[in-house]
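Features as listed in Swiss-Prot:
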{"type": "TRANSMEM", "residues": "27-47", "note": "transmembrane segment"}
{"type": "TRANSMEM", "residues": "72-92", "note": "transmembrane segment"}
{"type": "TRANSMEM", "residues": "94-114", "note": "transmembrane segment"}
{"type": "TRANSMEM", "residues": "132-152", "note": "transmembrane segment"}
{"type": "TRANSMEM", "residues": "168-188", "note": "transmembrane segment"}
{"type": "TRANSMEM", "residues": "199-219", "note": "transmembrane segment"}
{"type": "TRANSMEM", "residues": "235-255", "note": "transmembrane segment"}
{"type": "TRANSMEM", "residues": "263-283", "note": "transmembrane segment"}
{"type": "TRANSMEM", "residues": "288-308", "note": "transmembrane segment"}
{"type": "TRANSMEM", "residues": "338-358", "note": "transmembrane segment"}
Amino acid sequence: MLVWLAEHLVQFYSGFNVFSYLTFRAIVSLLTALFLSLWMGPRLIAWLQKLQIAQVVRNDGPESHFSKRGTPTMGGLMILTSITISVLMWAYPSNPYVWCVLFVLVGYGIVGFIDDYRKVVRKDTKGLIVRWKYFWQSVIALAVAFTMFAVGKDTPATQLAVPFFKDIMPQLGLWYVLLAYFVIVGTSNAVNLTDGLDGLAIMPTVFVAAGLALVAWATGNMNFAGYLHIPYVRFAGELVVVCTAIVGAGLGFLWFNTYPAQVFMGDVGSLALGGALGTIAVLLRQEFLLLIMGGVFVVETLSVILQVGSFKLRGQRIFRMAPIHHHYELKGWPEPRVIVRFWIISLMLVLIGLATLKVR
C-alpha cells in the first residue's frame, strides 16, 4: 500500500522514488516483519499463558518432551500477522501472485487455528478431523491453482522447469493444476510434520524462503531468466517481498522458539508457512527446486510414510519413532544437536538447489 502512496508523493519529493526499487522494498519488508514479530512475541506469549493455551505432549514420545507441557502454542499467529502486514505495506497490491500467496497463508492459517483450538482449548487430542483438514486444504489449493492457471495459461508461467536441463520446459496445460495442488498441500503437511522440536521447522523455512527470494528475483527479471535458462514469469519479481517477509517473521519467531522454547508455532503456523512456500515454488515454476531445497521436509515426511507402511505390511518399524527427528532423540542425541544438524543440512540443500540453476 505504501508503494501506491509513494507514487503519488514522488511529484512533491523525488526521494519517494526509492519505493519503486525491489531490493529496497525486499529489505524493509524483512525488517518490518522481523520487528513486528519481536514486538508481538512477549505480548502474545503472555496472552496465551493467561488463556492457558498450552502444547499437548504425547505420552508415548521422548521423555525429554514431558517438560514442554505448559509451553504456550499457536505462536504462529505472530508469524502470519507479521508477514501479512509487511507484505501489504511493501508489495504492489495490484500483483495477483502476491494475493495468491496471502490467500493460501491466511486460509491454511485458519485451518491450522481451528485444529489447534480443538486440541488445546476443547482438549480434543485429535484436533480437526483429518478428512475435514484435507478437504479445506484441497479447496484452498485448488482455488489458487485454477486462478494461477487462468492468469498464466499457455505462457512460461505454466511450464515445468527441470533441474540440470535447460531445454526441457514442457507446457503442462491442465496438469499444472494437479501439480500445484499436490505441491501446496504436500509442502504444508511436510512442514507440519517437521515442527516437532524447538526451532526445527522455522529455520529450514527461513532458509528455503531466502533461497526462493533469490529465485523470484531472477525469474521476474527477463535478462537473468534468459541467462539461467529458467522460465521468465511476469509477476514473479514481487514475490521477493513476500519471501523476505517470511524470512523476517521467521527470525523474529525463532527469538522465542529457540531451545528451550518459550512458545510453539502450532498448526496455525506450520500449515500456513508450508502452504505459502509451496505456492511460491509453483508460481516460480520451481517445484523440483523446492524438492531439493526443502529436503529436510521431504525426509521427515518420507520417514512417516515408510514407518506407517512398514508397520502395516510387515508389522515392524523402521525407525524407533517417526518423524525421523524423534528417532535420533531416542538414539540419545540431545535435542539441540538434532536441531542444529538439521539446520546445517537444510542450509546445504538450499545452496545445492541454487547451484542447480547454473548447472544446466
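Including glycine, each Cβ sits where the backbone N, Cα and C put it.
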Could you pull out which residues elsewhere in the chain have a CB under 8 Å from any CB of the transmembrane segment (27-47), counting only those six or more residues past its ends?
72, 75, 77-79, 81-83, 85-87, 89-91, 241-242, 244-249, 251-253, 255-256, 262-263
Which listed range (132-152, 263-283, 288-308) shows the maximal number of Cβ pairs under 8 Å with respect to the transmembrane segment (94-114)?
263-283
Candidates 132-152, 168-188, 263-283, 288-308, 338-358; stretch with most C-beta pairs under 8 Å toward the transmembrane segment (199-219):
338-358
Most Cβ pairs under 8 Å with the transmembrane segment (132-152), selected from 235-255, 263-283, 288-308, 338-358:
263-283
Please indicate, using numbers and ranges, the residues of the same chain that are 6 or more beyond the transmembrane segment (235-255) and have a C-beta under 8 Å from a C-beta there.
22, 25-27, 29-38, 41, 75-76, 78-80, 82-83, 86-87, 90-92, 95-98, 101-102, 151, 199, 202-203, 205-206, 209-210, 212-213, 216-217, 219-221, 265, 269, 273, 276-277, 280, 283-284
